[in-house]
Amino acid sequence: MKSILWHNLKLCAHGDPNDTIADAAIAVNGDGTIAWTGRASDVPAGYVHWPREDLRGAWVTPGLVDCHTHLVYGGQRADEFAQRLAGASYEEIARRGGGIVSTVRATRDASEAALFEQACARLRPLLAEGVTAIEIKSGYGLELASERRMLRVARQLGERFPVSVYTTFLGAHALPPEYAGRADEYIDEVCERMLPALADEGLVDAVDVFCERIGFTLAQSERVFEAAARRGLPVKMHAEQLSNGGGSALAARYRALSADHLEYLDAAGVAAMRASGTTAVLLPGAYYFIRETKLPPIDLLRRHGVPIALATDHNPGTSPLTSLLLTMNMGCTVFKLTVQEALLGVTRHAAAALGASDRHGSLAPGRQADFAVWPVSTLAELAYWFGRPLCERVVKGGVTVFTRDAR
C-alpha cells in the first residue's frame with residue numbers, strides 16, 4: 001500500500017462535533033497508520049508531495065464502534081414480536097420457554113457454517129454505515145461446544161470482513177433448560193469448565209453476565225467475575241435493565257469496562273461507575289423494541305461525568321437492529337442525548353467500553369487509519385436522518401473497503 005494524503009475534507013478527529021477542523025488533511029503511511037492530521041494549510045513538507053485523495057469537502061469521522069451486539073445466533077424471533085404486540089411481556093415469554101432459550105435451541109441446532117452465513121447478513125449493513133470495530137457476544141449456546149462455535153464464528157467474521165471484532169463470553173446469559181432449578185451448578189460449569197477452555201483457545205477478549213431477576217443473582221455474577229479475574233480478562237455486565245438489582249455497583253467494584261442497559265440505575269450505581277471509570281452503554285433499540293417506559297438516568301450520568309456509549313444491542317429477541325445511525329437517532333429522540341453525546345457514544349466512548357481507546361474511536365498519529373466519510377453538510381445529519389444511507393466511503397487501515405456513490 002502506498003502512502004496517501006487525504007485532503008479537501010472536514011475533520012472530526014475525536015468523535016466530538018464541537019471539536020472539528022473545517023479544511024483538513026490526513027496523512028496515512030503505507031502501513032495503514034496515521035502519520036499526521038491537521039489543517040490543510042499546515043501539512044508538513046514531508047507529506048506535501050504524497051499521492052493525494054480528494055474527499056470533495058466531505059466530513060471524516062473515526063470509524064464507528066458498535067460496542068454491544070449478539071450478532072451470532074441461529075434463527076430469529078419474529079413470532080415473539082407478534083406475541084408482545086398481543087400483550088405478552090418480555091419476562092412472561094422468557095418464563096414459558098421462549099426468549100433467550102428459544103434462540104438457544106436454534107443456535108445449538110445450527111452448524112458453524114450456518115451460523116457464519118446468518119451473521120454475515122447481519123454484519124454487512126453495519127459495515128456499510130461506517131462501523132470498523134464491533135463487539136460480538138456468545139451466550140446463545142449455553143454449553144461448551146455451542147459457545148465455542150459462536151466465538152469461532154465471531155473470530156471468523158473479523159478475519160473475513162474489514163472490521164475489528166472483540167469477542168465477549170456471555171455464558172451466564174440465561175439458565176439452559178437442562179439446568180432448570182440448578183443455577184448455581186450451571187455457574188459452576190461456566191466458571192470451572194467453559195470459561196477456562198474457551199480462554200485457553202484464545203476465543204475470549206472479555207466476560208459478560210446478565211445480572212437480573214430472570215438472569216443471575218449478584219452472588220452468581222460475582223463468581224463469574226472472579227473466574228474472569230483469575231484469567232486476567234476484563235468484565236462487562238448487563239445491569240439494571242428490568243429492575244434495580246445493584247449490578248452496576250458490583251460491576252464497578254470489579255472495574256468493569258462497561259455496564260449496559262441501565263434503565264433502573266440509581267444514584268449509588270452512577271457514583272460507583274464514575275469512581276471505577278466504567279462506561280455506561282445505553283441500548284435504545286432494546287428500550288424501543290420492548291416498549292420500556294423507564295428511561296436511563298441520563299442527567300445523573302451527565303452530572304457525575306460517566307462516559308455514555310451507544311450500541312445496537314443487535315439480538316433476535318429485543319433489538320433486531322442493524323443500524324448504528326438509527327441507534328444514534330433513537331439515543332437523541334428517545335433518551336434525549338445531544339448530537340455530541342450520540343457521536344461520542346459510537347466513537348470514543350464506545351471504544352472505551354471495549355477497552356480499546358488506544359486503537360479505535362479517535363484519529364491521531366500512530367493509530368490505524370480507520371475512518372468513515374460522510375457527504376453531509378453537518379454532523380447532526382448522522383443522527384437526524386433514518387432509513388437513508390449516508391456513508392460514502394469506509395477506510396480500514398488506510399485502505400478503502402466500502403464505497404457508495406452518494407452524490
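The backbone N, Cα and C atoms fix where each Cβ goes, and this holds for glycine too.
Taken from Swiss-Prot as is:
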BINDING   H68, H70, H238, D313  Zn(2+) binding site
BINDING   H68, H70, H238, D313  Fe(3+) binding site
BINDING   R77, Y140, H173, Q241, T318  4-imidazolone-5-propanoate binding site
BINDING   Y140, N315, G317  N-formimidoyl-L-glutamate binding site
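Distribution of Swiss-Prot features across the structure.
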residue: H68; record: Zn(2+) binding site; Cβ neighbours (10 Å): 31
residue: H70; record: Zn(2+) binding site; Cβ neighbours (10 Å): 26
residue: R77; record: 4-imidazolone-5-propanoate binding site; Cβ neighbours (10 Å): 22
residue: Y140; record: 4-imidazolone-5-propanoate binding site; Cβ neighbours (10 Å): 31
residue: H173; record: 4-imidazolone-5-propanoate binding site; Cβ neighbours (10 Å): 25
residue: H238; record: Zn(2+) binding site; Cβ neighbours (10 Å): 30
residue: Q241; record: 4-imidazolone-5-propanoate binding site; Cβ neighbours (10 Å): 28
residue: D313; record: Zn(2+) binding site; Cβ neighbours (10 Å): 27
residue: N315; record: N-formimidoyl-L-glutamate binding site; Cβ neighbours (10 Å): 25
residue: G317; record: N-formimidoyl-L-glutamate binding site; Cβ neighbours (10 Å): 24
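Proximity to H70 (Zn(2+) binding site), defined by a C-alpha to C-alpha distance within 10 angstroms, is shown by the following binding-site residues from R77, Y140, Q241, N315: Y140, N315.
A distance of 15 Å separates the Cα atom of H238 (Zn(2+) binding site) from that of Y140 (4-imidazolone-5-propanoate binding site).
Separation of the C-alpha atoms of Y140 (4-imidazolone-5-propanoate binding site) and N315 (N-formimidoyl-L-glutamate binding site): 10 Å, rounded to the nearest whole number.
Among the residues Y140, N315, G317 said to bind N-formimidoyl-L-glutamate, no two Cα atoms are farther apart than 12 Å. Within 8 Å of the centroid defined by the CB atoms of Y140, N315, G317, the record's N-formimidoyl-L-glutamate site, lie the Cβ atoms of H70, Y73, R77, I100, T103, G139, P316, T318, excluding the listed residues themselves.
For the Zn(2+) site, the Cβ centre of H68, H70, H238, D313 serves as reference, and the other residues of the chain with Cβ at most 8 Å from it are T69, K137, D260, H261, L283, A286, A311, H314, N315, S319. The two recorded residues Q241 (4-imidazolone-5-propanoate binding site) and G317 (N-formimidoyl-L-glutamate binding site) have their Cα atoms spaced 14 Å from each other.
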